[in-house]
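First the structure, in the form of structure tokens, and then the observations on it.
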Amino acid sequence: AMALSGDLWAELPAERRIFCSVLLFSWAVYLWEAFLAHRQRRVYRTTTHVPQELGQIMDSETFEKSRLYQLDKSTFSFWSGLYSEVEGTMILLCGGIPFLWKLSGQISGHAGFGPEYEIVQSLVFLLLATLFSALTGLPWSLYNTFVIEEKHGFNQQTLGFFFKDAIKKFVVTQCILLPVTSLLLYIIKIGGDYFFIYAWLFTLVVSLVLVTIYADYIAPLFDKFIPLPEGELKQQIETMAKSIDFPLTKVYVVEGSKRSSHSNAYFYGFFKNKRIVLFDTLLEEYSALNKEPAEGEDGENEETKSKTKNKKQGCKNEEVLAVLGHELGHWKLGHTVKNIIISQMNSFLCFFLFAVLIGQKELFAAFGFYDTQPTLIGLMIIFQFIFSPYNEVLSFCLTVLSRRFEFQADAFAKELGKAKDLYSALIKLNKDNLGFPVSDWIFSMWHYSHPPLLERLQALKDAKQE
């Protein structure tokens, strides 16, 4: 039977074998992910009491809240993942990609651009594809925000704010995506034999420009950034940055509480121009969620809803400094630069392989393009479908590397004398974000870019006790 099926497979045209392989691999990845998620859901269902080793760091009420939150998230993830997989399969089986390409040609033709204007047709295709994706993803996003996040006390948005935000996000994305794609396609068209080098250099420049301008020009379109007021915390941050030669120029607080009560902190910028951004939800003193609205303020801002019934703890100044010590550790230990180098090496390799494969007509025929080989479709087929096995392996390797970097950044904060404060900050952040501290080992190994809470605390414990 195996030999017979092997013969039948060998007799299939190359394009059918490519198409079937892509579909089979996609479902294999989905089933693997579903298996891992099932194992993790079993952990959520069966671990109903605080394990002994967690007794000191988590009370039973928080443990139960986080268990139910993660169980709801996992169930939602199962159904949305199944929908995505079925939708993707139906698009491929029903010829959705060539249909959309043909429709794009008709639209650009009506606007006076014939088939020779391939870049214009590509941009129309991209606009329609992203619009379709946004519309089909909207019900899932609404359910996630207004049912799951709302139920567990994280959502701070009104429906009006959500839709305004979604439209703004779509418009900003198109303003970046369409010009960048048109230039990339133009470079590939005129680049000759070494187009892959020019295409890679172009994407490198674009990514560096976006990283540079993101927090100054793009992020403020969605959230309000204010300089951290003068005071003890700002002085302490500046002193710590100076002690490790971090070229800090500004410290901002972002009003993350307008959208969600999850907390975060990050830094950005190149060379001697670095800025630190703290979410107001991270700061005990600044979080709108810790403040009772003043008299007459109730209706002042209808875009957000202050939920005092679900007050978040936030972190004390010493703990905020410990969290920043960890983040600055990533910079001092070169993790940011290493990630950029890995990303660019991967990008170069992908463009090189794309240059090798783009001439294969079978690849286009496999997805319903028998007469034309549009460059954008080639990019999509090769990067999204043909490279998917490689992308899965790379993703796993980067997850393993990320966990290693997290331990190293924790150790750096420990060397700064912040072990005790980082220890308590990690517990608070886990509690504030309703992280569940028990995980299935395979799920954790495959998915967690940050080490499990207990492992991080154990690594910090020795220094904390000294």
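Note: Cβ is positioned from N, Cα and C throughout, glycine not excepted.
For 16-36, 76-99, 119-143, 170-188, 194-215, 348-370, 376-401, the entry in TrEMBL reads transmembrane segment. Sequence annotations record features per position, and here TrEMBL assigns domain 'CAAX prenyl protease 1 N-terminal' to 40-224. According to TrEMBL, the domain 'Peptidase M48' annotation covers 227-462. If you look up TrEMBL, you'll see 293-312 marked as region 'Disordered'. The Zn(2+) binding site feature in TrEMBL is assigned to His326, His330, Glu406. Among the features that TrEMBL reports, active site is placed at Glu327. Look at TrEMBL and you will find Asp410 tagged as active site, proton donor.
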Zn(2+) site, defined by His326, His330, Glu406: further same-chain residues with Cβ within 8 Å of the Cβ centre: Glu327, Gly329, His335, Phe405, Gln408, Ala409, Asp410, Phe412, Ala413
Which of Glu327, Glu406, Asp410, the listed recorded positions, has fewest other Cβ atoms within 10 Å: Glu327
Other CB atoms within 10 A, centred on His326 (Zn(2+) binding site): 24
Residues that sit under 8 angstroms from His330 (Zn(2+) binding site) by C-beta distance, when 6+ apart in the chain: Thr336, Phe405, Ala409
Residues of the parent chain within Cβ reach of the transmembrane segment (119-143), under 8 Å, 6 or more residues beyond its termini: 76, 80, 83, 87, 100-101, 103-105, 107-108, 111, 113, 162, 166, 170, 173-174, 177-178, 181-182, 185-186, 189, 374-376
Recorded stretch that, among 194-215, 348-370, 376-401, has the most CB pairs under 8 Å to the transmembrane segment (76-99): 348-370
Inter-residue C-alpha distance, Glu327 (active site) and Glu406 (Zn(2+) binding site) (nearest angstrom): 9
PLDDT averaged over every residue in the domain 'CAAX prenyl protease 1 N-terminal' (40-224): 93
